[in-house]
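The structure under discussion appears below in the form of C-alpha cells.
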Amino acid sequence: MVDHSSQNADKLLGVLVVTLIFSVMNGTMFNVALPEIGKEFNLVPSEVSWIMTSYMVVYAVGSIVMGKLADKYRLKDLLTYGLLIFALGSLLGLLATEYWVIILGRVIQAAGASVLPATAMIIPVRYFAPEKRGRALGTSAVGLALGNALGPVAAGLITSFGSWRLMFVLSLLPLLTLPFFRKYLDNAKGKAGRIDILGGGLLAVSVAFFLLAITQMQVLLFLGGFATLAFFILRIRKATEPFIKPTLFKNKNFSIGLLLAFMTTAMSFSMTFMTPQFLSVVNGLTPSNIGFVLVPAAIASAIMGRKGGRVADTRGNFALVFIASVFIFLAFSLLSTFIGISAFVIALILIFGNVGQTFMQISMSNTISQTLSKEETGVGMGLLSMINFISGAMAMSVVGKLLDKGSTSLKLNPFVANEAANMYSNIFGVMSLLILFVVVLYRFQFGTGVSTLNMTSKGNKNL
C-alpha cells in the first residue's frame with residue numbers, strides 16, 4: 001500500500017505542516033478582526049458573523065466532497081485547484097470595497113481550502129506505513145497547533161498596526177507551497193467511475209442546513225436538514241455507485257470511531273470557546289493579555305504532537321487515548337474547581353488541556369484511518385472532517401446559549417467561590433465526566449492492543 005520513499009514522504013509532510021499553519025491562521029484570524037470590520041461597514045454582530053459562518057459552512061461541506069474526489073482523482077490535481085481557488089478568494093477579499101464581496105471572497109476561500117482537511121489525513125495514511133502513521137498524524141497536528149497559536153497573535157498585530165485587509169495578504173502565502181506539493185505528490189489516482197453528484201449534492205445541502213440551523217437557531221433550517229438527510233439516505237440505498245456506500249456505516253469500528261470523535265471534538269471546541277470568555281468575564285483580562293495566556297498551551301501542543309504520534313506507533317492508540325484522557329480530565333477538573341484563579345495558573349492548566357486534546361485528535365484520526373480500506377480512505381476521512389465541523393459548531397452554539405443566561409445559582413462543584421464562575425465551572429465539570437465515558441467506550445470497542453491493523457476486517461464482520 002505504501003511504496004513512497006521515506007525521504008519524499010517526510011518532505012511532503014513538512015510542506016503540509018507549513019500549509020496547515022497558514023490555513024488554520026486564516027480560519028482563526030478573522031475572529032479577532034470582526035469588530036473592526038463591523039465598524040467599517042456599519043454592521044450589527046449578527047451581520048458581521050457571516051464572515052465566519054459562511055466560511056465554516058462551505059469548508060465543512062467541501063471537506064467531504066474533496067475527500068470523495070480524492071478517492072477518484074489525483075490528490076496533486078485537487079490540491080492545485082484548491083490552492084488556486086483559495087488564493088483567488090483571498091485576492092477578492094483584499095480588493096473588496098463592499099461587504100458582500102468580502103463574504104464572497106470568504107466563500108471562495110473556503111471552497112479552495114476545503115481540500116486541506118482531507119489532505120491532512122490522507123497524506124499520513126497513504127504515504128506512511130501503518131507503524132509510522134501516528135508520528136505522521138502527530139506532525140500534521142503540529143501545523144494545526146501552531147496555526148491556532150499564531151492566528152490570534154497575527155490578527156492582533158495586523159489590526160493594531162495596519163488594516164484588517166492585510167490578513168487576506170497573509171492568506172495568499174499557502175500558494176507558495178503548491179510547487180512543492182506538485183513535486184512530492186505522486187500521480188496515483190483511485191478507481192475510475194462516476195461520481196454520484198445528486199447524492200453529494202443532497203449531503204452538502206443537508207450539512208449546510210444543519211450548520212446554519214445550529215448557528216442561527218432556526219427550526220425550519222433543522223427541518224430542512226432532516227428532510228434532505230432522509231433523501232440522501234434513500235439515494236445512497238438506491239444508487240448503483242452511491243456517494244457514500246451504506247456498508248461504510250455498517251462497519252461498527254468506523255461508526256463508533258466517528259461517535260467518539262464527535263464527542264471529543266465537541267469538548268475541544270467548548271474549551272477553546274469558553275477560555276477567552278471566562279478570562280475576560282471572571283479574571284478581567286484584556287484581549288492582549290488573554291492572548292498571552294493562551295499561547296503557552298498552543299506551543300506545548302506543537303512541541304508534543306510528534307511525541308504523541310510516536311506513543312501511538314510504539315504502544316498503540318489506546319495508550320495515547322488513555323494519556324490524553326488523563327490530561328483532559330485534569331484540565332477540566334482543575335478549571336471547574338479553580339476557575340478565576342491567577343492567570344498564570346490558568347495558563348499552566350490549559351497546557352494539560354491543549355496537549356490532551358492534541359493527543360486525542362491524533363489517536364482518533366489514527367484509529368479511524370485503520371478501520372478503512374484503501375478505497376474508502378478519502379471519503380472516510382472526509383466524513384471525519386465533516387463530523388468535526390458539525391460537532392464544533394453544535395458545541396459552540398450550545399455553550400454560547402448556556403453562557404448567555406449569565407450567572408446561575410446552581411453549583412455542581414462545591415469548591416467554586418465566585419458565583420460569576422458557576423456556569424463555566426458546571427460545564428467543565430460535566431465535560432470531565434464525559435471524557436471518562438469516552439475512554440471507557442474506546443477501551444470496550446477497540447481494546448488496548450499495540451496494533452489495530454485488523455480493525456477493518458473486524459469491523460466488517462458485523463456487516
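Using N, Cα and C of the backbone, Cβ positions are placed for all residues, glycine too.
Annotation comment: TrEMBL describes 12-443 as domain 'Major facilitator superfamily (MFS) profile'.
The transmembrane segment feature in TrEMBL is assigned to 48-66 (among others).
Here the transmembrane segment (78-102) has long-range neighbours at 19, 26, 37, 41, 43, 47, 51, 66, 69-70, 108-116, 119, 165, 168-169, 171-172, 174-175, 177-178, 181-182, 185, meaning same-chain residues at least 6 beyond its ends whose C-beta is under 8 angstroms from one of its own. Positions annotated as transmembrane segment by TrEMBL: 78-102 (among others).
Within the same chain, residues 1-2, 4, 8-9, 12-13, 16, 19-20, 23, 26-27, 54-63, 65-67, 70, 75, 78-79, 81-90, 92-93, 135-137, 139-140, 143-144, 171, 188, 365, 369, 372, 377-378, 381-382, 384-385, 388 sit at least 6 positions outside the transmembrane segment (108-129) and bring their C-beta atoms closer than 8 Å to a C-beta of that stretch. Positions annotated as transmembrane segment by TrEMBL: 108-129 (among others).
Positions annotated as transmembrane segment by TrEMBL: 136-158 (among others). Non-local neighbours of the transmembrane segment (136-158) in the same chain are 9, 13, 16-33, 120-121, 123-124, 127-128, 164, 166-167, 170, 272, 287-288, 291, 294-295, 298-299, 301-302, 305-310, 312, 354, 358, 361-362, 365-366, 369; each lies 6+ residues outside the stretch with a CB under 8 Å from one of its CB atoms.
The annotation transmembrane segment is assigned in TrEMBL to 164-181 (among others). Same-chain residues lying 6+ beyond the ends of the transmembrane segment (164-181) with a Cβ under 8 Å from its Cβ atoms: 11-12, 15, 18-19, 22-23, 25-26, 29-30, 33, 36-37, 40, 76, 79-80, 83-84, 86-87, 90-91, 93-94, 105, 109, 154-155, 158.
Under 8 Å from some Cβ of the transmembrane segment (219-236) lie the Cβ atoms of residues 196, 198-199, 202-203, 205-207, 209-210, 212-213, 242-246, all in the same chain and six or more residues away from its ends. The transmembrane segment feature in TrEMBL is assigned to 219-236 (among others).
Remote same-chain partners of the transmembrane segment (256-279), defined as residues 6 or more beyond its termini with a Cβ less than 8 Å from a stretch Cβ, comprise 148, 285, 287, 289-290, 293-294, 328, 331-332, 339-340, 343, 346, 350, 353, 357, 360-361, 364, 367-368, 371, 383-384, 387-388, 390-392, 394-396, 399-400, 403, 421, 424, 427-428, 431, 434-435, 437-438, 441-442, 445-446. Residues annotated as transmembrane segment in TrEMBL: 256-279 (among others).
Per TrEMBL, transmembrane segment is recorded for 285-305 (among others).
The feature transmembrane segment is assigned by TrEMBL to 317-335 (among others). Here the transmembrane segment (317-335) has long-range neighbours at 134, 267, 271, 308, 311, 346, 349-350, 352-353, 355-360, 362-364, 366-367, 370, 424-425, 428-429, 431-432, 435-436, 438-439, 442-443, 446-449, 452, meaning same-chain residues at least 6 beyond its ends whose C-beta is under 8 angstroms from one of its own.
Only residues 6 or more beyond the boundaries of the transmembrane segment (341-360), in the same chain, are considered here, and those with a CB under 8 A from a CB of the stretch are 141, 144-145, 264, 267-268, 271, 275, 279, 283, 285, 289, 293-294, 296-298, 300-301, 304-305, 308, 311, 320-321, 323-328, 330-332, 334-335. The transmembrane segment annotation in TrEMBL covers 341-360 (among others).
Within the same chain, residues 56, 59-61, 63-68, 70, 117-118, 121-122, 125, 207, 210-211, 214-215, 217, 244, 248, 257-258, 261-263, 265-270, 273-274, 277, 364-365, 368-369, 372, 423-424, 427 sit at least 6 positions outside the transmembrane segment (381-403) and bring their C-beta atoms closer than 8 Å to a C-beta of that stretch. The annotation transmembrane segment is assigned in TrEMBL to 381-403 (among others).
Summarising the annotation, TrEMBL assigns transmembrane segment to 423-444 (among others).
A mean pLDDT of 85 is what the model gives for the domain 'Major facilitator superfamily (MFS) profile' (12-443).
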